[in-house]
C-alpha cells in the first residue's frame with residue numbers, strides 16, 4: 001500500500017470483467033492452393049512478445065501468440081475479481097463501523113454521567129486498548145493474507161479501537177456526537193461517489209497527504225504538553241478534516257483501481273481509520289464552535 005496505517009492510528013492517540021488477449025488475423029496466402037506446411041521466420045526476425053497488464057491490476061505476463069501489436073487489459077469496474085474485492089472491503093468496513101457505533105453508544109450512555117467521571121479518573125481505560133489496537137495493527141500487516149488469523153487480529157483491533165473511541169466520545173455532549181456522526185457519514189458517501197465517478201487519477205495525492213499527516217502527528221504531540229489556544233485548535237481540526245477527506249478519496253481510488261484483490265483486509269482498515277479520524281476532527285470542530 002502507499003502509506004503506513006500505523007501513522008493514522010498514532011495520530012488518533014495523539015489527538016484524543018472477464019478479459020481476453022486478442023490477436024490479428026493472419027493475412028490471406030498469396031496463392032490459391034493452401035500450403036500444408038507452416039513456415040516460421042527465424043527468431044531474429046520474429047516480433048517481440050507483447051506485454052499486458054494482468055486483470056488483477058498487478059504484474060505483467062507474456063502472450064507468445066500476439067503477433068503484431070500488444071493489447072492492454074486493464075482492471076475495469078466490470079471485472080468480477082475487482083467487484084468481489086470491493087464487496088469484501090466494504091462488507092468488512094460496514095462490520096467495523098457497526099461494531100464501533102454499538103460499543104461507542106454503550107459506553108456513552110452507560111450509567112449516565114458516572115461513566116464520564118470514571119473515565120477521567122482512570123485514564124488507562126483509554127490508553128490500554130489504544131495500545132493493544134496499535135500493536136494488533138502492526139501484527140495485521142504481517143498476516144494480512146493468512147486466513148483465519150487475519151480476521152482474528154482484525155477483530156481484536158476493531159474492538160480495542162472502538163472502545164478507545166467510545167471512551168473519548170463519552171466526554172462530549174451526545175447531540176454534538178450525533179451531529180458529527182451524520183456529517184462524517186454524509187461526507188464519506190459523497191466522497192466515495194465522487195471518486196468512483198471521476199476520471200481523474202488521484203494516486204498522485206499520496207505524498208502530499210503523507211506530509212500533511214506527519215505534520216498533524218507532530219502538532220498532536222506538541223498539544224499534549226503545550227495546549228494550543230482555541231483558535232489554533234480549531235484551525236488544526238479543520239486542516240485535519242480536510243486531510244482525511246483527501247485520504248478518503250485517495251484510498252477509495254486505490255481500492256477501485258490499483259489495490260491487489262488479496263489485500264482486502266488492509267484496504268478496509270485504511271478506510272476505517274480514515275472515517276475514525278475524520279469523525280474525531282469533525283467532533284472537535286463542532287465542540288469548539290459550540291463552546292464559542
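Every residue, even glycine, has its Cβ placed from backbone N, Cα and C.
Annotations in TrEMBL come from automatic prediction, not curation.
Taken verbatim from TrEMBL:
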| type | residues | note |
| --- | --- | --- |
| REGION | 1-55 | region 'Disordered' |
| COMPBIAS | 23-36 | compositional bias 'Low complexity' |
| COMPBIAS | 39-50 | compositional bias 'Pro residues' |
| TRANSMEM | 89-112 | transmembrane segment |
| TRANSMEM | 124-143 | transmembrane segment |
| TRANSMEM | 150-171 | transmembrane segment |
| TRANSMEM | 177-196 | transmembrane segment |
| TRANSMEM | 208-228 | transmembrane segment |
| TRANSMEM | 234-256 | transmembrane segment |
| TRANSMEM | 263-283 | transmembrane segment |
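Of the ranges 124-143, 150-171, 177-196, 234-256, the one with the most Cβ pairs under 8 Å to the transmembrane segment (89-112) is 150-171. Using a cut-off of 8 Å between Cβ atoms, the transmembrane segment (177-196) and the transmembrane segment (124-143) share fewer than three residue pairs, counting only pairs 6 or more apart in sequence.
Most Cβ pairs under 8 Å with the transmembrane segment (124-143) belong to 150-171, among the candidate stretches 150-171, 208-228, 234-256, 263-283.
With a threshold of 8 Å between CB atoms, the same-chain residues lying at least 6 positions outside the transmembrane segment (263-283) that come near it are 1, 3, 5, 8-9, 11-12, 15-16, 85, 88-90, 92-93, 96-97, 100, 137, 140-141, 144-145, 150-151, 154, 157-158, 161, 165, 168-169, 172, 176-177, 180-181, 183-184, 187-188, 237-238, 240-241, 244-245, 247-248, 251-252, 254-255.
Below 8 angstroms of C-beta separation, residues 1-2, 8, 15, 77, 82, 85-86, 89, 187-188, 191-192, 194-196, 201-203, 205-206, 208-209, 212-213, 216, 219, 223, 228, 267, 270-271, 274-275, 277-278, 281-282, 284-285, 288-289 of the same chain, each at least six residues beyond the ends of the transmembrane segment (234-256), sit close to that stretch.
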